[in-house]
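Features reported for this protein in TrEMBL:
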- 210-222: compositional bias 'Polar residues' (COMPBIAS)
- 236-333: domain 'FAD-binding' (DOMAIN)
- 379-456: domain 'FAD-binding' (DOMAIN)
- 203-222: region 'Disordered' (REGION)
Amino acid sequence: MFCTRVIARKLYVNVSRLKVRHKPFCTDAATRVSGSNCGQPSPEHKETHDLSNNIQHYDIAIVGGGMVGMALACSLASMPLTKHLNVAIIDSNPALGSRPYFNKEDPPDPRVSTVTPATISFFKDVGAWQYVEQHRHAYFDKMQVWDYTGLGYTRYNAQDINKEVLGCVVENKVLHGSLLSCIENTDFQKTIYPSKLSSMTLPPSPSSLGMDSTSSRPPLSSQRHLAKLELSDGNSLYTKLVVGADGGKSCVRELAGFKTTGWNYSQNAIICTVEHTVENGCAWQRFLPAGPIALLPMGDNFSNIVWTMNPKESTNRKLMNEDEFVKDVNNALDYGYGPHPTSSLFGSGEMFSWPRAGVTLSANDCFEVPPKVVKLASERMVFPLSLRHASDYVSKHVVLIGDAAHTVHPLAGQGVNMGFGDAFALSRVIAEGIAVGSDIGEVTVLKKYEAERKPANIMMMGILDGFQKAYSVDFGPLNILRAAALHGAHFISPLKRSIISYASGEQKLPLFT
């Protein structure tokens with residue numbers, strides 16, 4: 001009983017200590033890094049924080065208030081050990097300063113995300129999913145994947161893994177607005193800076209200060225143990241931990257000196273909203289010679305198109321008239337480039353007959369043609385595709401999450417789910433560090449986050465990159481191998497269940513279980 005009281009008392013002290021504002025004092029011991037293209041002055045912002053004479057101190061500064069950055073803030077606000085933290089959110093997006101408003105009469109925005117059951121569970125845990133459900137969203141419980149050769153296809157059903165849904169398609173602005181609404185309805189201590197990061201001064205290592213790493217730690221209020229951020233509007237702040245949630249061209253990653261590896265795919269993606277005469281309840285993806293096309297349900301007879309192709313084709317299809325574009329989309333999702341796969345696969349031939357021996361196809365397993373597109377319902381947007389991965393996710397006082405740490409091909413819609421997984425894992429690691437009295441900016445604490453997320457992200461990136469490369473070559477023997485893979489995924493139940501579970505966010509390798 002005595003030990004329990006002592007532990008409880010220490011835990012209370014550790015949490016309470018984080019709520020105290022630190023008094024600034026000067027030091028010349030730090031090393032300053034700055035970036036010429038990370039943030040430019042933004043005098044147009046009306047509401048700023050004049051801190052020239054009183055630099056504010058924070059426990060965490062989240063650079064990037066997009067979906068992943070706000071997901072981290074919501075997760076911190078939802079946990080007992082972290083809801084008392086004082087957090088700064090730095091982002092020039094004016095949407096952060098106003099309450100979200102959505103007109104239900106407007107067609108869906110083409111920028112959407114396909115969130116997995118694991119991400120839905122995360123949103124429910126932090127209290128944000130209730131706001132998503134107040135706006136347009138589309139659950140789906142079926143998915144069909146096939147290629148242009150007509151040699152193979154596979155269909156996935158949520159019932160295969162005893163789930164109600166495989167995922168949900170939501171507009172990015174709805175996800176972001178739901179996270180904003182969630183955090184606004186808490187008493188979480190946050191300050192939003194409508195600005196950009198210009199420079200970052202990181203504290204030196206103990207050795208550079210002439211300190212023995214085993215000596216007693218100086219008071220945490222010392223500025224020598226805080227990172228200093230200078231913003232494009234002239235404001236400055238100190239923080240224990242800088243979180244880079246600022247996307248694929250991360251300024252935090254650049255200023256902190258994180259190295260990356262990766263490549264451009266020489267492919268662009270066209271995204272847009274289209275309309276049907278009937279409601280679409282299935283996610284469709286067909287692999288074409290130049291890249292995959294996906295048709296994702298959005299509710300109210302709308303669907304989202306994500307179509308990968310070479311840059312020249314993307315330019316032509318962005319500029320062509322609406323009727324021609326709709327015709328091209330329907331062609332790509334139907335008989336264009338090759339025949340439909342047959343439900344018996346290769347007709348009466350015996351090729352690949354071993355996996356389906358004794359298997360009777362149900363109506364849910366038969367190949368179906370996607371619903372026809374009758375109208376373009378939004379502008380067509382084009383963006384280049386690449387793969388990029390940070391060699392490290394953490395250093396002292398700095399951590400990367402989301403696209404700042406990794407960018408992937410959109411063919412399976414996994415990018416944002418990986419980012420949400422980062423946010424949830426980091427918030428949990430921070431809470432665990434607080435529970436044992438650790439400095440949340442210490443590398444030893446942050447490495448636990450990297451150890452959890454880096455292998456999972458590398459595995460997903462490898463699978464997506466493998467798919468991209470496998471379907472970039474039109475070669476007879478390789479076409480047969482791809483068909484065999486689709487055939488196996490369709491008829492070998494243990495493999496199918498494992499693939500669905502992995503794609504749903506359960507961190508299991510897509511192997512036999």
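Each Cβ is built from the backbone N, Cα and C atoms, and glycine gets one as well.
Because the structure is a prediction, the values reported are computed rather than measured.
According to DSSP, the domain 'FAD-binding' (379-456) comprises 41 helix, 17 strand, 20 coil. In terms of DSSP helix, strand and coil, the domain 'FAD-binding' (236-333) has 26 helix, 49 strand, 23 coil.
When pLDDT is averaged over the domain 'FAD-binding' (236-333), the result is 96.
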